[in-house]
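J.: A single structure is presented below for examination.
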Amino acid sequence: MASTMMNYQDCGPMRYKSSVPVPASLYENTAYPSKFRPRISKHVDVADKACWEACDDFENATGLKLKADSVGCINPIGGNVNALWFPEAIPERLHIISYLSELLFRHDDLTDDAVTPEQFDEVHGPLARFLGSESKQSDHTTKHNAMNTMQARVAIEALEQNEQLGKLVIEKWKGIVSVRGQDAFMEHKTLDSYMHVRHYDAGAYSVWSQILFCCDISLTDEELTGLEPLTWLAFTQMILWHDYCSWDKEAATYLEREEGGSNMSAVQVYMAMYGLDQYAAKEFLLSEITRIEDEYCERKASYMIEFPPAPHITHYIGLIEMCMAGNTLWHLSSRRYNPAAPLPRREDIGKVNGGPLDASEVSKPVECSESDLGILTPVSSRLSTKRLRPFWNNQRTEYTTMTPAETSSDDKKKKAKASHETREDLLTVSPCAWPAEPDEKDILAAYLYTAARPASGARDKLMDALDKWYRVPPDALATIRTIIRIMHNASLMLDDVQDNSPVRRGSPSAHVIFGTAQTTNSASYLMIKCVDLARRLGDDSLSCLLSELSQLHLGQSHDLAWTFHCKAPSIPEYYSHLEQKTGGLFRMASRMMRASATQNKHLDACKLMSLLGRLYQLRDDYQDITSESLSTYDDLDEGSFTLPLIHALHREEEQGEVQLHSILQSARAARSASASSNNDGKLSVETKLLIREMLEEAGSLEHTRVVIRGLYDETRAVLTAMENEAGSGGKNWMLHLITFQLKV
C-alpha cells in the first residue's frame, strides 16, 4: 500500500486553465495508491447540475423511480467524477459529458439484474442499435425509447459544439453499448483477454475521445496511434482500480442471486487463473495496479526523451494523467462503491470534501482524521468473509478476438439474418396477426430473403421519434411498424425488378435468386396483407395507407418513364417525385401513428416527413456520386436520374452540348443488351470518372451541396415549429438527431 510520504507528482507538464488542486487531505493517505496529484474542475457545480438533470429526465421519461441509495457520478467528498476525469474541460462540454456519464451509470444499473447473456442483450442491445444498426421489435418499449431520447439529446448537443469531435464521442460511446452478452458472460483465462473486452465495456476508448472533446483538442490518427503504448497502460490502470474498488459491491450483489449472473471483474479473473481466494486476489490486483502505473511512468519518461512531443501532445498526456488521478480519488470516496460515504444531496451541488470548493487549497500533507477512516481506508480491509462460487458455467463461451468495433461484415449479415429468420419474426403482429396460410412457404421466400439483408433501421428510428409526440398504444404501434417494414421491403423488391438492379444491400437482389415472377408475386402478396392489417387498425389508418401507396406507385411511374426514355425531369418534377416516393413511406408512418395517437392528435407531421424524405434522398444522391469507391456509383449503373445529373444535363442543354446525354443514351443501350447477355450492363470505371468530372465542371455537385444545406435548415425550422406546437415537453431530440445525421 502507498506510504503517506509518497513523492506525489503533478500531471503534465502542462498549464492549468480550468482546474484547481484537490484538497491534499483527500489523497495524501494510505488509501490512495497513485503517484499523481488529482485536480478538479472549477466548474464542478456544472457537472453536478447536469447529473441531477439526467436523473430527473430518466425518471420523467421512464416512469421509474430511482432508488434512494442509487448513486451515479456525484460525490460530495471527492467531487463529481466528470470534474475529476476532465478537470480542464470547457464548462459547456463538461455539462454534456456529465449528462452522458450519468446516463451510462443509469444504464449500467439496468444491466445489474441480468443473469444470462440474453437478458444482458435485452437491456444493452437497444441502445447500441439506436446508434447504429437495424432495430428489433423488442427495442421499442417506453423505457428503451426514454434512454434513446437521452442519448439523442447528448449526441445533438455534442455535435453542435464540435461536429468532428462530437462524432468521435458518439462513435466511441457506441462501442460501450455494443458489447454483447456473450462477451459480458464469458470465461477469461488470461488478464489480456479480459482487458481486451473491458477496454470497450468500461469505456476506455470512449474516455480518450471525451478528453479531446471536453478540452477541444484535435490529434491526428497517427498521433493517437503513437501514444497507444501510454494510453493503453493509463486506461488499464483505471479499469483495474475500478475493479478493485467495486469488488465488494459487485461480489455482494452476485452472492444474493440464486441463479448466478455476470460479475466481470479482474479479481475473479485472478481467482480463476491462480486459484486464489478473493482476499489474495485483491492484494495481487493492487500490486498489479501499482506496477502498471510504474510502467506508465517509465514509458512516458522514455517517450519524452526519444520522441520529444509537440506542446499539444504533451498537454494531452497531462490530461490523461489527471484522468487517472481523478479516477483513483473518486472511487475511494464514492457512495456507489463505499457504503460509509455520504449520499449525494441536491443541496450539496458543487461541494468537494463536504463543503464549497476552495481554490486556495494547497498540496500539503495532512493525516486522515479518525472520522475519515470509514471512507478513506483500503478497500481490502472492508471485505466480507463470505466466499464466492465461480461465476461461469458450461453454457458461457470462451473469449474470442472479435470485438464490437471489429465485427466483420459477414458477422453483421449473420446477426441480421438471425433476427429475421422466420415468418413469425417478420410478419406476426399481435393482436393483429393474420392467420398463416397452409401453403405460404413459396410466396414468402423472396420477401424473407430481402428482409434478412442488413438495413439502417431508419424508419423504425423515425417512428420511435414520432412516438415521443403521439404516444401510440403499443399494440397499434407494433402493427404500424410491421406495415411500414413490409411495405418498405416489398417496394424495394419491385423497384429492383423494374430497375433491373442486380444487388440490394450488398447481396444479390431477390429477383436474381428467385426470379422476376416469384419476386413480384411475393411483394404483391405482402402489400395485400398490409392493407388487411391497416383495415384492422381502423378506417383512418386504411385511408392513410391507400393514399400513400398510390403516391409510391405514381412516384415510381415517373422514375421508370424518365429512365426508359432517357429524358431528365425538371428539378421541380424531381422534387415532387421524391416526396411521392421516399417521403411517401415517411408520411404513411406519421399519418397512421397520428390516426392512433393518444396525445397531440392535432399535430400534422406530413410537411416534416416530406422534407425529411427529400433530404434523405438528396443526401443519398450526393453520397453515391461523391464516394471514393467507384463501385458505389449505383445510380449511374442503373440509369437513375439524380439531382447532380439533372442539374448537369440542364446546364449542358443550355450550352447546346450533348456529350453527357450521349453517354447516358449509350449506357441505356448497354443495359438493354445486357438483359440477353452475360454482361452486367455496368458502366466502365473510365466512363464513371468522366461523368464525375463533368458534374464537377458543371458545378452540379456544389449546387447539390447548397440545396441540401438549405433544405436542412428548412427541415430544422419546420421541426422547431412542430415542437412549439406540441407545447410543453414537445422537444424531440431523436428527430433532431435524425435530421442532423442527414447533414453534409
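For all residues, glycine too, the Cβ spot is worked out from N, Cα and C.
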J.: Quick check on the annotations: Swiss-Prot lists motif 'DDXXD' for one of 108-112, 453-457, 553-557. Which range is it?
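T.: When 108-112, 453-457, 553-557 are checked in Swiss-Prot, motif 'DDXXD' belongs to 108-112.
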J.: Per Swiss-Prot, what member of GLN551, GLN599, GLN617 joins ARG504, LYS581, THR582 in binding dimethylallyl diphosphate at one site?
T.: GLN617
J.: Swiss-Prot tags one of 220-224, 495-499, 680-684 as motif 'DDXXD' - which one?
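T.: Matching range for motif 'DDXXD': 495-499.
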J.: Of the binding-site residues ARG198, TYR200, TYR337, ARG459, THR582, which one has its Cα closest to the Cα of ASP499 (Mg(2+) 3 binding site)?
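T.: Given the candidates ARG198, TYR200, TYR337, ARG459, THR582, the nearest one is THR582.
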J.: Return only the integer: C-alpha distance in Å from ARG459 (isopentenyl diphosphate binding site) to TYR200 (substrate binding site).
T.: 29
J.: For the dimethylallyl diphosphate site as recorded (ARG504, LYS581, THR582, GLN617), determine the largest distance between any two Cα atoms, in Å, rounded to the nearest integer.
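T.: Greatest Cα separation within the listed binding residues comes to 18 Å.
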J.: Which residues of the same chain, at least 6 positions away in sequence, have a Cβ lying under 8 Å from the Cβ of GLN617 (dimethylallyl diphosphate binding site)?
T.: LEU578, LYS581, THR582
J.: Let me know the DSSP-derived helix, strand or coil state of ARG504 (dimethylallyl diphosphate binding site), please.
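T.: It is in a strand.
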J.: For ASP108, ASP499, listed as binding-site residues, tell me which one has the smallest number of other Cβ atoms within 10 Å.
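T.: So among ASP108, ASP499, the binding-site residues given, the one with the fewest Cβ atoms within 10 Å is ASP108.
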J.: Consider the binding-site residues HIS488, ASP495, ARG504, ARG505 and say which one has the Cα lying nearest the Cα of SER246 (substrate binding site).
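T.: Smallest Cα separation from SER246 (substrate binding site) among HIS488, ASP495, ARG504, ARG505: ARG505.
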J.: For the binding-site residues ARG198, ARG459, HIS488, ARG504, ARG505, which Cβ has the most other Cβ atoms within 10 Å, all shown protein chains included?
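T.: Of ARG198, ARG459, HIS488, ARG504, ARG505, the one with the most crowded Cβ is ARG198.
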J.: Cβ within 8 Å of the isopentenyl diphosphate site's Cβ centroid: which residues qualify beyond ARG459, HIS488, ARG505?
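T.: Apart from the listed residues, the neighbours are ALA455, SER456, GLY457, ALA458, ARG485, ASN489, LEU492.
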